[in-house]
Amino acid sequence: MSTPNTGREIADLVDKKSLRKSVVAGSIGVLVHWFDWAVYAYLASTLAVVFFPEESATAGLLATFAVFAVSFFVRPIGAIIFGRLGDRLGRKTTLSLVILSMALATLVLGLLPGYNAIGILAPILLIVTRVVQGLAAGGEFGSAAAFLGEFSPAKRRGFGVSWLEFGSLLGFLLASFVVFLLNQAFTHEQIVEWAWRIPFLITVPLGFIGLYIRRKIEDTPEFEQLQKLETVSHAPVKEVFQRNWREFLQTCGMEIFMNVTFYVVLVYLLTYQEVYIGFDAGRAALLSTLASALGLIIVPLAGIASDRVGRKPVLMTAAIALTVLAVPLFWLMSIGEDWSVFTSTLGLALILAIVLGTHAVTVVELFPTRTRQTGLSIAYAVTAALFAGTAPYVLTWLLDTTGNMLVPGFFLVVVGLVGVATVVSIPETRGISLIKPQDLETATVSIPEALTDER
């Protein structure tokens, strides 16, 4: 087990005002990303009519989701680009570039003419906006997680980094609320004609506010320390796979555990409850909203718990709970009564929230500062593209093939076992110094005593 550094942590010197600003700066981009992502998903049927030929509604919807999938598959490219920039130039630089890219892509999408106006150019330009969004999304998690982790005091780092996922859940909640208001305020014809643009366009000011905040902050104390010591990595991608491959694989395992659970519980469950349980869309959406609301409460509490008892006990509790309870919870859901669906959904949401509140700080603490953003970004993006983004399709195919209503539960059992194996493999990182021996090997100036204490 790793021993926490007894020297005074660099981040502990940050004043409370700067810490609050760092929390807002780190989480606002995640909120913008997930708001945009959820709005696109919620308005998929409308966007299919706007951007694709009206020959077949099904074909248009499939095309819309295909464009949606493109944003997943370009994420690893964005992760490499922004991860490398973050480890070479600083977290502040990539945080600003990522949110600027998101805001501009969303602005263009909100102003795009439809298929009836410009023909084939409409879906082509739609694809371009989603590619830019996907590239930016590939860099957002690693940038924000590294930034929040390096700005948070060691004793409260779990709580500080938990605001990253608080932002993602808040983005989901706001998106569902805005789309609900949209449907209440306008007719279907008005939404298809022009009102669909409103949710995207209201994201743009939030994005530019986030850019302003991120431009005004300082870079993290750890990265600035590397700059002073002249130990910034010039080839972080190469270094990750040569020297930090173990941490990279552990992070991949952790992000498979988190990402797949996230997409099953907050994305796929809506479809499952409508198609297989027989819930109407309104009640399914309400349950999803309640699940996100529960997460807003539990995520920071899970971060606090990890600061008090350690990362591994909290994560292991969630992994074992998912492994043991996934099938019983889906059996309970299959009963189809309001109480059973409500109870099982919130049970799954509780497990997910515990993972969300703890996974990011854990993987932040695994990597040295030299390669932290690159390693986090690539691992997160690859697992999201290969495992999380494909989970709804895999589950739909398995359900249609087997006819077994408990398939999603068995699927999550496998995910839970991945979580258990990953947690077993990692060291306890609570309170550990984020400046590691690897960060100091190439220092060309005198190393402060506090940085070498117990290293």
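Glycine residues also receive a Cβ, built from the backbone N, Cα and C atoms like all the rest.
Residues annotated as domain 'Major facilitator superfamily (MFS) profile' in TrEMBL: 22-430. Annotation comment: TrEMBL describes 23-52, 58-82, 94-112, 118-138, 159-182, 194-213, 252-272, 284-302, 314-333, 339-366, 378-399, 405-426 as transmembrane segment.
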Worksheet, complete the sentence: If you count CB pairs under 8 A between the transmembrane segment (339-366) and each of 23-52, 252-272, 378-399, 405-426, the winner is 252-272
Fill in: Sequence-remote partners of the transmembrane segment (194-213) [C-beta within less than 8 Å, at least six residues beyond its ends]
21, 24-25, 28-29, 31-32, 35-36, 39, 43, 46-47, 50, 96, 99-100, 102-103, 106-107, 109-111, 175, 178-179, 182, 185-186
Fill in: Per-region confidence, the domain 'Major facilitator superfamily (MFS) profile' (22-430) (mean pLDDT, whole number)
92
Worksheet item: Mind checking which residues reach the transmembrane segment (23-52)? Cβ under 8 Å, same chain, six or more beyond either end.
Response: 59-61, 63-65, 68, 71, 95, 98-99, 102-103, 106, 112, 114-115, 122-123, 126, 130, 133, 136-137, 140-141, 143-145, 147-148, 151, 160, 163-172, 174-176, 178-179, 191-192, 196, 199-200, 203, 206-207, 209-210, 213-214, 217, 267
Item to complete: Considering only the recorded stretches 252-272, 284-302, 378-399, 405-426, state which has the highest number of Cβ pairs under 8 Å to the transmembrane segment (159-182).
Response: 284-302
Worksheet, complete the sentence: Sequence-distant contacts of the transmembrane segment (378-399), meaning Cβ under 8 Å and at least 6 residues beyond its ends, amount to 69, 72-73, 75-76, 78-80, 83, 137-138, 141-142, 237, 240, 248, 251-252, 255-256, 259-260, 262-264, 267-268, 271-272, 276, 363, 405, 407-408, 411
Worksheet item: Looking at the stretches 118-138, 284-302, 405-426, which one shares the most CB pairs under 8 Å with the transmembrane segment (252-272)?
Response: 405-426
